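Reading through the structure tokens given below for one structure.
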There are 2 protein chains.
Amino acid sequence: MMQFLTHGEDGFERAFERVVRDRRESDADVARDVARILSEVRERGDRALVEYTMRFDDHRLTEDGDWRITAEECAAAHAELEPDLRDALQLAADRIRAYHEGQLPEDRDYTDTVGMRIGARWNAVEAAGLYVPGGRAAYPSSLLMNAIPAKVAGVDRLVVTTPTPKGESNPLVLAAAHIAGVDEIWRVGGAQAVAALAYGTDRIGRVDVVTGPGNAWVAEAKRQLYGVVGIDMVAGPSEILVIADRDNDPDWIAADLLSQAEHDPTSQSILITDDRGFAKLVEDAVDLQLMNLPTAKTARTSWEANGLIVVVDTLDVAIPLADRLAAEHVQLAVADPEPLFQKLRHAGSVFLGRTTPEAVGDYVAGPNHVLPTGRRARFASGLSVLNFMKRTSFIDANPQALAAIGPAAIALAHAEGLPAHAKSIELRLK
Amino acid sequence: MMQFLTHGEDGFERAFERVVRDRRESDADVARDVARILSEVRERGDRALVEYTMRFDDHRLTEDGDWRITAEECAAAHAELEPDLRDALQLAADRIRAYHEGQLPEDRDYTDTVGMRIGARWNAVEAAGLYVPGGRAAYPSSLLMNAIPAKVAGVDRLVVTTPTPKGESNPLVLAAAHIAGVDEIWRVGGAQAVAALAYGTDRIGRVDVVTGPGNAWVAEAKRQLYGVVGIDMVAGPSEILVIADRDNDPDWIAADLLSQAEHDPTSQSILITDDRGFAKLVEDAVDLQLMNLPTAKTARTSWEANGLIVVVDTLDVAIPLADRLAAEHVQLAVADPEPLFQKLRHAGSVFLGRTTPEAVGDYVAGPNHVLPTGRRARFASGLSVLNFMKRTSFIDANPQALAAIGPAAIALAHAEGLPAHAKSIELRLK
């Protein structure tokens, strides 16, 4: 059953700490299976992809047409969409692009106090690979949120891999790929797809960065290939934390909690409020909405297994609790959210005020919806154009600048037992 | 023996591609050992640390004084340094700090075209852990390069772990810790130290990010704990690529190549030049300098195993080769390096002109010397203050802004089969 805790009561600290520490992540031991798949794809390339795709997706890769979904197919899927939906995807894409363009980092190039020119220059990676799950988790919004930052960063080649069980793909995802300008789509999924992206095969050129959601095999493949390619964060089950006072409509808050719960049985929805009566109203509203929700099966499982309501004396107490949870999404549903927001340190994304439901950020607000989960907002950020770029620092020393600071480097090099380091500077100071 | 290749000759492409693909990294299968160490520290905490430290470092952790190196010991080590060395460390620290202060990212906070307030705010992580190797690889410069960005980022607590075999530590490293303002130093090393930092024990509070160099066990521990904590890049053997025309002093270039080679037998030094005669002069100069170099044993092993000279027709040809190598360090030893630099895309750090030896960047220039190795400059950047910070995006929708874009989100939510998402917006638009 959903937990109901009261801050300050006996046992609160232990129960809350258990929530903070609970990983809700599969401990399925897939590491060995994944390692074998990676090694097979590395050694045998496309032949391994053919075998795994037959075995796992019941799809035979023989002709070129079996391997790829073409740009024409994506354009057709886009043309065939209902106009309302096509416009909604386009609005989302335009707003995501506008927000991410503001993330493009500035180069540095300056001359310092000793006359040394120093700086750093950003470049896009050459190629990015985006994993798109098949089935339930194939969301066009996810494709936009991963593909558009890569395009804004300036990658030359944006490659999607996606399983197409029995050859079937999701037209909404293809339409989103058309809008985002994806360059290649391969009908390959699972750890084998990530291996193909990282190592390259005869057909699939290797990429530099792999992002995108996936099941435990995909996540483990990314983890094992981290270093061979860049990856985005290790993603776990997602969560929402709503901090709300009594002046909210309980129905609104219940819908917010359920919008997280309907994602997956492992999702987590948490309410912190300073009013016990309001807490009960929300609890009742959740139960009522679950009666008519088409996704009730998933949402109820999530709410019962992971749902939590915490009653606190004042909302100021909520903030240190929120920092311990470091939730992916935090809603501050109060009339003046700013003072609470200023005190909050750890959150993936924050939704300010009563009329900012988290769902608006999932689709159309602009900021990325790929966010750190499972308390990782303590140290990680959402996906951004920086995931598809890298920085090269540079130094340009004229003889005067080298004379000014070279002797210190020589002293340190000798102290570290690295005489050739010292000599490379000494020779130039003669 | 060191390889000598000529661009355009038969077999060049195959030989060069072999260099590009050669990982030079230990394939030692330490994953299982490391997994057991991590699990022991997670389960048994300090008791496991006591056992491993006795076994691996011959150091008994009983009294508090066995566990920690105090701030007073660091201050004493600093006070006892030769003045020249103390000044050199201080100069390095000051310049590193000045450069990294320029990396502090700016927050965003703006109102967009539909009246929605959107932005992103950066915060430092609460605690950072820095691994400092014992023995040969214990460099005070590394401590500064890791610790100062964390301090500039604004971490509350900066923790060092370092093995002290038989209790011995390196006074230069302690002096650097004093200068950098390290908050705690624990006499624990290896995978067990990384586990303690990530999970926390009774004595050692857990941190949010772990950086710093280490052996294969430390690197594997960081990889396995990636996601529990943030980590810096997976580091491999380092490399230098010098692109030089005939108008350089061969002795200078030879010293540059050896400054990389003396680090480790797995290091790699590469020269690309457009003059065969100059190439031979550098080769001879390397051999000559090796005769008097105190680190010749390591440097010769590295040079013979991994050294490479490539002769090209023109230096323009060098740039695409350099991009394939994506080297940690690239020196452009020509009179006007700017045109080459503009064409170069993949490098950790670039050293411009004849009087900018790479070694000056190792110590005192200011930019970080923790850089992507093993071709990872294709997708990774050097260490920066961003490794110790994270970004929280935020959205503030007033009713008008929600009315403007909410319907598109509702349409997409329904299309993705997420009705509670839709409802959380619909209720607010009524």
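Placement of Cβ uses the backbone N, Cα and C atoms for every residue, glycine included.
Feature annotations, courtesy of TrEMBL:
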- A:Glu328: active site, proton acceptor (ACT_SITE)
- A:His329: active site, proton acceptor (ACT_SITE)
- A:Tyr131, A:Gln192, A:Asn215: NAD(+) binding site (BINDING)
- A:Ser238, A:Gln260, A:His263, A:His329, A:Asp362, A:Glu416, A:His421: substrate binding site (BINDING)
- A:Gln260, A:His263, A:Asp362, A:His421: Zn(2+) binding site (BINDING)
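Checking the recorded positions A:Asn215, A:His329, A:Glu416 against chain B with a Cβ-Cβ cut-off under 8 Å leaves A:Glu416. Most Cβ neighbours within 10 Å among the binding-site residues A:His263, A:His421: this distinction goes to A:His421. Looking at A:Ser238 (substrate binding site) and A:Glu328 (active site, proton acceptor), their Cα atoms lie 7 Å from each other. For A:His263 (substrate binding site) paired with A:His329 (active site, proton acceptor), the C-alpha to C-alpha distance reads 14 Å. Sequence-distant contacts of A:Asn215 (NAD(+) binding site), defined as residues of its own chain at least six apart whose C-beta falls under 8 angstroms from its C-beta, comprise A:Pro133, A:Gly190.
A simple way to gauge crowding: the CB of A:Glu416 (substrate binding site) has 21 other CB atoms within 10 angstroms, across all the protein chains here. Within 8 Å of the centroid defined by the CB atoms of A:Tyr131, A:Gln192, A:Asn215, the record's NAD(+) site, lie the Cβ atoms of A:Pro133, A:Thr161, A:Pro163, A:Gly189, A:Gly190, A:Ala191, A:Ala193, A:Val194, A:Gly214, A:Trp217, A:Val218, A:Ala221, excluding the listed residues themselves. Least crowded of the recorded positions (A:Glu328, A:Asp362), judged by neighbouring Cβ atoms within 10 Å of its own Cβ: A:Asp362.
In this structure the alpha carbons, written CA, of A:Glu416 (substrate binding site) and A:Glu328 (active site, proton acceptor) are 44 Å apart. Secondary structure from DSSP puts A:His421 (substrate binding site) in a helix.
Counting in whole angstrom, A:Gln260 (substrate binding site) lies 9 from A:His329 (active site, proton acceptor) by their C-alpha atoms. Residue environment of A:Ser238 (substrate binding site) contains 23 other Cβ atoms, counted within 10 Å of its Cβ in all protein chains. The Cβ of A:Gln192 (NAD(+) binding site) lies under 8 Å from the Cβ of A:Ile37, A:Glu40, A:Val41, A:Ala48, A:Leu49, A:Tyr52, A:Thr53, A:Phe56, each of these being in the same chain and 6 or more residues away along the sequence.
In the three-state DSSP scheme, A:His263 (substrate binding site) is classed as coil. Per the record's binding annotation for substrate, residues A:Ser238, A:Gln260, A:His263, A:His329, A:Asp362, A:Glu416, A:His421 show a top Cα-Cα distance of 56 Å. Take the CB of A:His329 (active site, proton acceptor) and look out to 10 A: across all protein chains shown you find 26 other CB atoms. Distances between the Cα of A:His421 (substrate binding site) and those of the recorded positions A:Tyr131, A:Glu328, A:His329 are shortest for A:Tyr131.
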